[in-house]
Amino acid sequence: MILEEIPSPPLGEFGRIARFFKPLAAGFPGARGLRDDAAVFGVPEGRELVVTTDAMVAGVHFFPDDSPADIAAKLMRSNLSDLAAMGAEPLAYTLVTALPRGLDESWLEGFAAGLGEDQRQFGIALAGGDSVSTTGPITLSVTAFGLVPSGRALPRWGGRPGDRVFVTGTIGDAALGLEIAYGRLDIPDGETRAHLLRRLRRPDPRTTVGPRLIGLASGAMDVSDGLVADLGHLCEESGCAALLRAGTVPLSDSARGAIDGDPVRLALAITGGDDYELLFTAPPSARDALAALAADSGVAITEIGELNPGPPGEVTVLDAAGATLPLARRGWDHF
Ligand SMILES: Nc1ncnc2c1ncn2[C@@H]1O[C@H](COP(=O)(O)OP(=O)(O)OP(=O)(O)O)[C@@H](O)[C@H]1O
Ligand SMILES: Cc1ncc(C[n+]2csc(CCOP(=O)(O)O)c2C)c(N)n1
Ligand SMILES: [Mg+2]
Ligand SMILES: [Mg+2]
Ligand SMILES: [Mg+2]
C-alpha cells in the first residue's frame with residue numbers, strides 16, 4: 001500500500017473546530033480563539049449592535065450537491081443582506097453546523113474556505129458557534145452582528161403614502177436560476193444560464209449601500225421571499241398599500257433574455273425570492289441623492305412604484321401596459 005492511500009483518522013468534533021474554524025476567528029479578539037465558552041466584545045460609543053439570524057437546510061435552501069463554498073457564501077450573504085437592510089456594517093458572526101456523521105471532511109474544508117473568502121470580502125469575522133451531528137439533512141445557521149449609529153437603524157415601518165419604492169441591483173435572477181437548477185427552464189445560452197445560477201448560489205448583498213441609506217430611506221428591508229411578498233411585508237408594517245409597476249422592475253440582461261416577454265416568467269421573477277437586494281421607500285425629494293449614491297457605489301437603484309393610503313399590506317402589480325399582472329402567489333412561504 002502506498003502512503004497516500006492510508007486513510008487519516010477522523011479529526012473528531014474538536015479537531016474539526018481547531019482545523020477549520022479557529023483560523024476563521026483569528027482576526028477577532030472577541031472570539032477568544034474559540035477557546036472559551038462564549039465570545040465577549042464591546043460596542044463603540046455612539047453605535048448599537050444589530051443582530052440577525054438565518055438558517056439554511058439542504059433540499060430547502062440549497063441542493064445537497066451544491067459546492068460547499070457556494071453553500072457557505074449563500075449562508076453568509078443572506079445574513080449580510082439583513083444587516084445591510086438595517087443600515088448596519090458587518091462586525092462578526094456565530095455559526096451553527098448540523099452535519100450528518102458520514103459527511104467527508106473535504107466538505108467542511110470547502111465550506112470553511114468559502115466562509116474565509118467572504119470574511120475577507122465583506123469584513124466580518126467568526127466569533128463562535130456550535131457543531132452538532134444530525135440524522136437529517138445538512139442544516140446551517142449564522143447569527144450576524146453589525147453596527148449602526150445609535151437610534152438610526154432602518155425600520156420596515158417607516159414608509160408613508162406618497163413615498164416612492166426603490167430596489168437595488170436586479171430582481172429575478174435567482175428565481176430564474178432556481179427554475180434552471182430544477183430543470184424546469186431550458187436556457188440554451190451558456191452565459192445567460194451561468195449568470196442566473198451564479199446569482200442563485202452567490203447573492204450580492206448590498207453591504208455598502210445599506211448604511212448609506214440612513215437619512216435617505218424612510219423604510220427598508222431586503223428581498224428574500226420575493227419582491228411582491230416583501231413589499232407586502234414593508235407595507236403591512238408601514239400601514240399602507242403599494243403600487244408596483246412590473247415593467248420598471250430592474251432586470252439583468254440575462255433575466256430579460258430568459259423572460260423573453262413571457263408574463264408567467266416575469267411573475268416568477270418578481271415573486272420567486274432569493275434576490276438579497278434592498279427594497280426601500282423614500283420621498284421623491286430623495287431621488288437626486290439616491291442617483292448620486294447609485295453612481296458612487298456602482299450599485300443600481302431603481303424606482304419601481306409608490307406607497308398609497310390603501311389597505312395595509314395590499315400590493316397592486318401593474319404590467320408595462322398598465323393592466324393588472326396576474327400572480328399565482330406573492331412569494332415564498334415555508335408553511
Ligand atoms: N423562530 C423565530 N423566533 C423569533 N423570531 C423570529 C423567528 N422567526 C422569525 N422571527 C422574526 O420574525 C421577523 C421576520 O422574519 P423573517 O425571517 O421573515 O425575516 P428575514 O430574516 O428578513 O427574511 P428571510 O428569513 O426570508 O431572509 C424577524 O424580526 C425575525 O427576527
Ligand atoms: C433547493 C432550493 N429549493 C428552493 C429554493 C427557494 N427558496 C427556498 S427558501 C426561500 C426563501 C428565503 O429563505 P428564508 O425565508 O428561509 O430565509 C426560497 C426562495 C432554494 N433556494 N433552493
Ligand atoms: Mg429570516
Ligand atoms: Mg430580511
Ligand atoms: Mg423568508
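Any Cβ shown, glycine's included, is placed from N, Cα and C.
It should be emphasised that the depicted structure is a prediction, and the values quoted were computed from it without experimental measurement.
In TrEMBL, the Mg(2+) 3 site is described by ASP37, ASP222, and among ASP82, ASP163, ASP173, ASP274 the residue recorded at this site is ASP82. Substrate is bound by HIS61, ASP274 in TrEMBL, and the record lists one more residue there from TRP157, TRP332, which is TRP332.
Calculated from their C-alpha atoms, the gap between HIS61 (substrate binding site) and ASP82 (Mg(2+) 4 binding site) amounts to 16 Å. Residues belonging to the domain 'PurM-like N-terminal' (36-148) score a mean pLDDT of 98 in the model.
Within 10 Å of the C-beta of ARG156 (ATP binding site) there are 20 other C-beta atoms, taking all protein chains into account. For the pair ASP54 (Mg(2+) 1 binding site) and ASP82 (Mg(2+) 4 binding site), the C-alpha distance works out to 9 angstrom.
Cα separation, GLY129 (ATP binding site) to ASP37 (Mg(2+) 4 binding site), rounded: 10 Å.
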